[in-house]
2 protein chains.
Amino acid sequence: MGLSRVERVLPGTRWLRGYTGQFIVADLIAGITVGLTVLPQGLAYATLAGLEPQYGLYSAFVGGVVYALLGGCREVTIGPTALLSLMTSRHTGYGGNSGPQLAILLCFLSGVVELLMAVLRLGALVDLISLPVTVGFTSATALIIGASQLKALLGIRGGSGSGFASTVRTVIANITEARVADSILGVVSIAVLLALRKLKDIKTPPEATGGRKIVGLVCWLVATARNALVVLITSFIAFYCDQRGERPFILTGTVKSGIPDFQLPPFSTVLPAGGGPNGTSSLELGFTGMIEELGASIALVPIIAVLGNVAISKAFGGSGINPTRELVALSLSNICGSFFSSFPVTGSFSRSAVNHASGVKTPIGGIYTGALVLLALGVLTPYFQYIPKAALSAVIISAVIFMIEYEVIRPLWRCNKRELIPGAVTFVLSLIVGVELGLLAGVLTDVAFVVYRTARPILTVTVANTTLGMQYILIRPNHSLIYFPAVEWVRNVTSKAIKQHGNIPVVFDCRLVNEFDYTAATGLQMLRKELEKKQIPLIIYGSSSEVRKLLQETLKSSLLEVTNDDELETMLRDISTEGGKHELREVAIPLLAPASERSPSVVEIDDS
Amino acid sequence: MGLSRVERVLPGTRWLRGYTGQFIVADLIAGITVGLTVLPQGLAYATLAGLEPQYGLYSAFVGGVVYALLGGCREVTIGPTALLSLMTSRHTGYGGNSGPQLAILLCFLSGVVELLMAVLRLGALVDLISLPVTVGFTSATALIIGASQLKALLGIRGGSGSGFASTVRTVIANITEARVADSILGVVSIAVLLALRKLKDIKTPPEATGGRKIVGLVCWLVATARNALVVLITSFIAFYCDQRGERPFILTGTVKSGIPDFQLPPFSTVLPAGGGPNGTSSLELGFTGMIEELGASIALVPIIAVLGNVAISKAFGGSGINPTRELVALSLSNICGSFFSSFPVTGSFSRSAVNHASGVKTPIGGIYTGALVLLALGVLTPYFQYIPKAALSAVIISAVIFMIEYEVIRPLWRCNKRELIPGAVTFVLSLIVGVELGLLAGVLTDVAFVVYRTARPILTVTVANTTLGMQYILIRPNHSLIYFPAVEWVRNVTSKAIKQHGNIPVVFDCRLVNEFDYTAATGLQMLRKELEKKQIPLIIYGSSSEVRKLLQETLKSSLLEVTNDDELETMLRDISTEGGKHELREVAIPLLAPASERSPSVVEIDDS
């Protein structure tokens, strides 16, 4: 009982049950492999975020430990990612200590917002981001990140342009200043990284013998640890040159050694002279000032973080994953991380894939990764200064290049071109205006389509006949909601149908309608009054009990209502006897048959 | 042919065909009656808009003429309204000539935006404003307008608070300064106006004889022209006092005489010292400066104007009205009006009702109203200075009091409390923050509900049996759209169902689904892969051809698909023969019967 209570608070402790030698070895191998990926990525992403390299490592060890205690999907590895680094970089350009301080506060606040999302069950907000929007967003982000690395890759110095277009322009304008050694190192590194990545695809046949098997294993190891390998080799080259008194490459420079202090996230900062957004004098920012500076990022970073995390845990964990628990794990990774000077973190798709491929058994693998990172911080930092910046850029570029997706375009183009629009809007606006506004615009475009469909439901208009041959207009919404924006549409279609087919009874077929709202019911009442003026009866057919209740409450006066074909026949006969206007013909029609079989005269009015 | 071409450009000219003596007399009577309403209302609404009284008359004659030429609904009368006056008043507080100049430019720009809405067919945007939101909006507006008139009604002088709360606070704080004479005049005027309004309800029986008939007609006339009567009588009282050297009431003061000059709307203005939003020095505003000052009003005033106009032409004209044509008529009323110093105008519900009750035959009645207004501008203005402000406030208050609607609450409370929320949001935020934000928030709340329903479609989960007694889970969305936000929901419900009912085949019933999007199709593919791991087949039942095409394109590998019950039976039998896991029982179920009758074990999972 005691244990199960612990397990409820720290679900990760259940992994310890039967955590045998075999599991320990598997997790250890996976943890170290992931560590060899996160070390170079962490250094690179910190630079991308506009921070000193050690912050990437500070961000890389807390998430693994917290997730091991709280998470539910063994493959997920939490740490710095290209996307969040890019979003953080918006706030790190003011110089002095303000960069890391704002980044750490953003990490803390992201965690708090994520916790709020978990408590208020707002995690479902990411449901609003459709696949085309996600693809447009990540593709644009990949391009922006790739472009931002071009300068370091080519050894071009100078202030970083923030947008995609300005970055590309800066690179092109300064292309003559590109340093040959850096460029060669960068391009070769990318080529090697992409080639090594291909090594993974060489499959060892299961019946392979010893030697063949070892070759296969080595290939896999080299492919998986390729980032670390490239960084190691290029650093050796730089170190060797340095010892000979040559410095052909721009190097990372001193990386601060040691484990970061455990301390509260900063709640004030100073924007140094010339760095602030408002000009030249140095500016002290209190907590509210920092909040203002972070602005929309406080909401957007968590949403992007959750989106990434949900995608990963879905891909690896299936629907067995408890989303709230994942959200809490992510939230505490950020909150705890901010006490160790971390910038915002989330699940990394590439490292989770490495983790999976390395045969991880439990999230405890993340603890081994964390230990390796701490070890590196304590011991390896003196050597990090020799890492060429071009090599780190190569690591980033060869990672984000696979975030550009275009496979989604073909099926959409074939089936549903309309869905390309939100994706295109997101992609283009992300590149031109910024990723936040691009994402927002994409989601709003999607929402606009949803609202449009609700406002313009597909209405099937059929001129049908009773068994006695009496004609009537059957108007059937092929839509389950009749809500306020659809009222005018329904009225217009009905008016048109009457103009076309004459003053015969109108049957409004509610059998596919689940929900009616008050505005729509009032609109139906107005329609009925209008038809009454022309002496046309309006019959409601097959409304559900809730719909009927609302209609009766709104329309007050007694409604003409029928629930099945027999009642419809009877009512239409009664009407024709009273009115005596309609002649009788004998055409039987099965009402539930498809519209095309139902009647000799079928008019389909569709808004598409 | 020549005439019909004229008629196409100026549809109003068709009214001239057979415009006989009887029609002329009817229109003349109606036009003059409406004129007797618009004269006091125009003076009052101009004051409400923060302008000198004559601007109300400037706004009252162009609309009628333009609408007569272009409009399609004889009852509609276009001119100043309480709502638009309130919205205009936001920009008239800076003093000098800036008030009228900004108001006139707003009128011009409103017309331009309305023309754009007509060209881009954006008139349908008003479909997004549901009835509860409309009611919340107009009720809040009525309260704000009513409160804003309290000061004039009670003769309290001093700067006008803009919001509802601040106005009420000002009135209460200064209640001791209320002037007795003004208060009595105001309250008595309101009482008289409300009493005279009741006179309308006295119906003369159709079989009434001469004397009775004349009494009935007089009652109707007095009731209809009550605003003019009250203003006339109170002015006489004020004039009489003035002749005796007494001034017990605050009077309207000099109203500029004469027809306004025909001139371009102003494209620059000067905010005088102390009046501008930025402090004390006077500020010259160019066109862009004026646009900035007008801000959101440039979009909101037209939307509110169109909303009002649509409501009126719907109420009187039914669905025979061409909305684009109405929009063009409204647009040109504003554009042309701005050349005669008009502030924004739209259809007035109260005056249209007067028009209707006066037996108007064609929109030409509006021309007679316009002529009367011009006559008043030329001849009557010297007398307007004696109109007590309290009387004008009484005219406004007794008009807007009927804009407060609460009848809508009861049916909503009974049937669909959820729909009260957008209305309440609009009402409360309109009062607290402002009518524009209130309206926007209401619409967004409504849209959020639409998106929510799309994200959480009602799914019916049934455990059904084949004729051979083989169990399967039937998941049926009772919703016509399966779009991106619903994917997770469908997967979660399916997972829960499997956990509850065991690893039996899952049938996804698409018979009520019209549309699937790519994200949803991809989600279904992920669901299928997940089920495959558990060796559970996923069968798609009854998808439409478009849905099938998308699913096949997305899911690539061959789908298990059936189109009717027989095929489903066969497929399930084949699966069970292959798998050999399921025992046979004999329970026949009709699949199209309601879920409750279909199977002994029915589980309905509903999100409500």
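FYI, residue positions are counted from 1 along the chain as it appears here.
A Cβ is built for glycine as well, from the same backbone N, Cα and C atoms used for every other residue.
Look at the domain 'STAS' (B:482-554): DSSP puts its residues at 44 helix, 11 strand, 18 coil. Summarising the annotation, TrEMBL assigns domain 'STAS' to B:482-554.
Positions annotated as transmembrane segment by TrEMBL: B:21-43 (among others).
Annotation comment: TrEMBL describes B:55-73 (among others) as transmembrane segment. Outside the transmembrane segment (B:55-73) by six or more residues, the chain places 10-13, 15, 31, 38-39, 41-47, 49, 79-80, 100, 103, 107, 260, 312-313, 316-317, 321-322, 325-326, 328-329, 332-333, 336-337, 340-343, 345, 362-367, 369-371, 373-374, 376-377 with a CB less than 8 A from a CB of the stretch.
Positions annotated as transmembrane segment by TrEMBL: B:102-122 (among others). Within the same chain, residues 49, 51, 55, 59, 88, 91-92, 94, 265-267, 269, 290-291, 293-294, 297-299, 301-302, 305-306, 324, 327-328, 330-338, 341-345 sit at least 6 positions outside the transmembrane segment (B:102-122) and bring their C-beta atoms closer than 8 Å to a C-beta of that stretch.
What TrEMBL lists as transmembrane segment is B:128-147 (among others). Within the chain carrying the transmembrane segment (B:128-147), a Cβ under 8 angstroms from the stretch's Cβ atoms is held by residues 48, 82-83, 86, 163-164, 167-168, 171, 307, 311, 396-397, 400-406, 408, 412, 419-420, 422-428, 430-431, 435, 438-439, 442-443, 445-447, all 6 or more beyond its ends.
What TrEMBL lists as transmembrane segment is B:217-240 (among others). Residues of the same chain lying 6 or more positions beyond the ends of the transmembrane segment (B:217-240) and with a Cβ under 8 Å from any Cβ of it are 33, 36-37, 39-41, 43, 185, 189, 192-193, 196-200, 202, 204, 247-249, 251, 354, 357-358, 383-384, 386-388, 390-392, 394-395, 399.
Taken from TrEMBL, the feature transmembrane segment applies to B:294-312 (among others).
Here TrEMBL flags B:365-384 (among others) as transmembrane segment. Same-chain residues lying 6 or more positions outside the transmembrane segment (B:365-384) and placing a CB less than 8 Å from one of its CB atoms are 27-28, 30-32, 34-36, 38-39, 42-43, 53-54, 57-58, 60-65, 67-68, 74, 77-78, 235, 239, 252, 255-260, 355, 358.
The feature transmembrane segment is assigned by TrEMBL to B:390-408 (among others).
Annotated transmembrane segment per TrEMBL: B:420-445 (among others), in sequence order. For the transmembrane segment (B:420-445), the residues of the chain that approach it from at least six positions outside its boundaries are 86-87, 128-130, 132-133, 135-137, 139-141, 143-144, 163-165, 296-297, 300, 304, 408-409, 412-413, judged by C-beta separation under 8 angstroms.
Annotation source TrEMBL lists transmembrane segment at B:457-475 (among others).
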Intrachain residues whose Cβ lies under 8 Å of the transmembrane segment (B:294-312), provided they are six or more past its termini: 73, 75-76, 78, 81, 83-84, 87-88, 90-91, 102, 105-106, 109-110, 113-114, 117, 123, 125-126, 129, 134, 323, 326-327, 330, 334, 344-349, 352, 436, 439
